[in-house]
Amino acid sequence: MAESEPLLSRVRGGRGRDCPAGAPSCRSVQVGPGPEGGWGLCFDQAVVFIEDAIQYRSINHRMDTRSMWLYRWYYSGTSQWILSFIIFLILSLAFIETPSSFTSTSDIRYRTEPWNPPCGLTEGVEGLCLLAFAADLSVKSYLVGWAQFRKSLWLLAYLVVLVASFLDWMVSLGLVCQEPLRLRRLLRPFFLLQNSSMMKKTLKCIRWSLPEMASVALLLALHLCVFTMFGMLLFTGEKDDRQDRERLTYFRNLPEALTSLLVLLTTANNPDVMVPAYSKNRAYAIFFIAFTLIGSLFLMNLLTAIIYNQFRGYLLKSFQASLFRRRLGTRAAYEVLSSTSGGAGVRAQDLLQVLRRVQVDGTRKQVVMERVRSHGSGLLSADEFQKLFNEFDKRVTKEHPPPPEYRSPFLQTAQFLFGHRYFDYLGNLIVLMNLVSICVFLAIDADILPRDRDDFILGIFNCVFVLYYLAEMLLKVFALGLLGYLSYPSNAFDGLLTVVLLVLEISTLAVYGFPHQGWKPEMKGLLSLWDMVRLANMLIVFRFLRIIPSMKLMAVVASTILDLIRNMRAFGGILVVVYYVFAIIGLNLFRGVIVAPPGNGSLAPDNGSAPCGSYEQLEYWANNFDDFAAALVTLWNVMVVNNWQVFLDAYQRLSGPWSKIYFVLWWLLSSVIWVNLFLALILENFLHKWDRRGHLHSLSGDLEASYETNAVDLLFREVLEEPTEEELMEKLKHHPHLQLCR
């Protein structure tokens, strides 16, 4: 079937335009007897449009039968899982390729020679991944068509990256893996970016926010330069040891002074940078305090506010576009299905038939189908059709199964008692007592070696508490039923830990016997008695988290954290991309720069051979760029900015002053931009949860409700504007692969 087939062919009351003469329509496609056969193409198109709407996908793709089959197969869960695995595989090659990260430590003093794969092993895997990406690009290009392909910058960039990667891959094979630089390693994160629409959206918002960020960054640079010049003039060399030490240590020349104040901007070297001058005259503290007040407390926080405000604004625009795509998809499905009833509306039975084939969460699908059945046999208008699919904006919280019914009055009373919330409060109190007992024994035995400890009393306590946890679990199962008990996440969490604790306790008693005086932690099997008791105590401490749902405010914070974990894929993905690129760059720039000290020992702090606070004196030998995994950890330590001046100083001495550019750029991208974006998302998510807290409480009396919106793109739903019918129909008329005749 040709891709230029019109989607619809009908005229409403003489409005609009008629279909071109001889143009076929989905109503003219008869694939079998009966309504289902006659309107098969219309139903197929409606299914695809609804799935596009649910996933916020663009509907600008081919709509013929074969293309729709390929389209649904491409976006199926299995196909996308395979593609995600291939992306993960090609990114993971950096840990295996030379220099391999397969060593127990990255400390250059103790690191053994790593295993490096033979030439052709990782290259073969990478070649297969690149072929898979080529197939992925081919399918995407075919589905959107040549005209759309030329307009898509992401698809064009995809093609360029693939060609460059293949060329560099062939160069590696031609040089028998002895090439000094593999450019394609820097291009691999692109495959992660292009596969996530949310990451593309976030990246676009960051790009749009850069001008405003740059204005504050320019003000920060001006502030830094002014105070640098002022400091150079203030701390001139005088015949005074202390002030001269300030100059020689921190203000020796312009680059050194600039670096010192840049580090002070992050407060990493405070108050060290001030101490030499402040020891001479307390008035010098005014210079450093003024710099920190203006730079760290004012300008940096102003930058955070601007990033939050601008990023939120651009993210709002991006989500407005996503909402438009969802409404456009559902409207296209409506137009297709209404054509089967002459344009008067959509028959409920037709929509039910389509919904049965839509790939979506079963619970939400059932809710929508129940709403459709409630309309009876009438026709659904465009507004009613659109409101039905608003249910997909909500996450349905499954109702708890009904508790078992007991006839005996005694069992009914026991069921009421053990199913009451006060029984949960009692359990929380018992867990708190268990935690306090563990803390007491840890404090008492802090100075006693594990082999000299007597764990008799602690072992008795653990047995008693574990038995209580088991009894509590069984009583709750009795009161709520097994399915009802497991329907509560907190109960499932408690039950899992209780079973693990019970197995661990039984294993301990089987190996070491019952607790008795002189219960020593001797080694029998894989773990000693002390190890098993310690593991049990750690699980008990972890079980203390059960109190979180019982405290309303803490539950709001905890749910915000859980929502962030679910919704941080885009932000986390961009951080992975930045980490990956900078780690590869650092690997090529600084590999082998750090050399182990002579002999088998380190430079001890008391031997006077290394300056205090230096890389060598602090024994930072494990922080290097000698392999990919070590580079990632080093970048993390720099991002945290605590003692990051140590890395600046070490790599400046060992590789040159240009290395500062690398670390400063990393600090700007990770610690300044990304961390502030992360803070913006936390604020938005928390404020959204906090504003909804009262509403949820009014609905259900607690933090649970029938529906809950928690996706990132739904945080702004209340302030988004609904697109008008004219906008939707105008967009549909310009669809590149369908002809809408009205």
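Quick reminder: no glycine exception, Cβ is built from N, Cα and C everywhere.
Remember, TrEMBL labels are computer predictions, not curated facts.
As given in TrEMBL:
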- 1-25: region 'Disordered' (REGION)
- 73-96: transmembrane segment (TRANSMEM)
- 83-311: domain 'Ion transport' (DOMAIN)
- 153-176: transmembrane segment (TRANSMEM)
- 216-235: transmembrane segment (TRANSMEM)
- 283-308: transmembrane segment (TRANSMEM)
- 420-686: domain 'Ion transport' (DOMAIN)
- 425-444: transmembrane segment (TRANSMEM)
- 456-483: transmembrane segment (TRANSMEM)
- 495-515: transmembrane segment (TRANSMEM)
- 535-558: transmembrane segment (TRANSMEM)
- 570-590: transmembrane segment (TRANSMEM)
- 661-683: transmembrane segment (TRANSMEM)
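A contact between the transmembrane segment (495-515) and the transmembrane segment (456-483) is present, since 3 or more of their C-beta pairs, 6 or more residues apart, lie under 8 Å. For the transmembrane segment (283-308), same-chain residues at least 6 beyond its ends with a Cβ under 8 Å from one of its own Cβ atoms are 209, 212-213, 215-217, 219-220, 223-224, 227, 230-231, 234, 246, 261, 264-267, 270-271, 273-274, 277, 672-673, 676-677, 679-680, 683.
For the transmembrane segment (661-683), same-chain residues at least 6 beyond its ends with a Cβ under 8 Å from one of its own Cβ atoms are 206, 213, 217, 262, 266, 300, 303-304, 307-308, 311-312, 560, 564, 567-568, 571, 574-575, 578-579, 582, 585-586, 589, 635, 638-641, 644, 647-648, 651, 712.
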